[in-house]
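Colleague: Take a look at the following structure, please.
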């Protein structure tokens, strides 16, 4: 069962706020971006990323010339499944609470998110809530105004801006702190990561279809891990740079079909930052929204419920008020009038 939010009940007046977790509207202009600020590089992180990427490149070579076909299928499966641990789990469920999930589904999503290796659920959700509350300011962990590379991965290779640290402490995490599963994962994240993200995906191909441990390590760990990292990062970079703004032209986030294609529907970012509590993270459930399809399937089987979404009237009013005119139906008065005429003919 989904919940449609109607005009006047909940509407984002500024997309920089995560309205599920803020009591006060906070505008980017209150913080902004200090372009004179010089970040300090964390060289151990740089070294770690160099090693990971070299391992992934070697894994790509092995995937073409050495790996068994079942190993390649397994790598693709892991990328998709663990990606859903991020999109359906860390993002839409735990960060935005855009739907509810039963215990079995929450356990599966936590396991998949652990295998994805993008920090524990608690920290992932905290950073993402902060990203929405202080979007593209110095308090945003991956402020797109700092440049494409910084928003993509550079933010993980430099020390946090003091505003990120200060404002991060103000993010309301009481809901996750009351979640025993989330706090269990947070407490035991390192051993869980070692066994679930490294040992399990490497051992399984060796045991089940006699893949070599060497090939399994570089394909099922290094290649798989780095591939998903970049897929996730494009939401922070490409989807904040190249695209249209049909819902709110006053924010940085844009609509990106290509990001939605490979990131399970996460590229409809201008919509998402305008209506962050909508479980679809886009205006429509399809096409190019695999995560919404998955959530709908889970709802059919009773594993997901209380999905929240914006009403059509709310979306239309927001498009007309703050959109850049690029919406396919309501983007301009001419297009809107044509659409209304067609609707009149159908009645």
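Counting begins at 1 with the first residue displayed.
In case you wondered, yes, glycine gets a Cβ from its N, Cα and C as well.
No curator has checked TrEMBL annotations; they are predicted automatically.
These came from TrEMBL, pasted as-is:
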TRANSMEM  46-64  transmembrane segment
DOMAIN    69-276  domain 'Fatty acid desaturase'
TRANSMEM  70-91  transmembrane segment
TRANSMEM  103-125  transmembrane segment
TRANSMEM  192-210  transmembrane segment
TRANSMEM  222-242  transmembrane segment
TRANSMEM  284-305  transmembrane segment
Colleague: Considering only Cβ pairs under 8 Å, which range in 70-91, 103-125, 192-210, 222-242, 284-305 makes the most contacts with the transmembrane segment (46-64)?
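Modeller: Comparing 70-91, 103-125, 192-210, 222-242, 284-305 against the transmembrane segment (46-64), the winner is 222-242.
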Colleague: Averaged over the whole of the domain 'Fatty acid desaturase' (69-276), what is the pLDDT?
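Modeller: Summarising the domain 'Fatty acid desaturase' (69-276) by its mean pLDDT gives 97.
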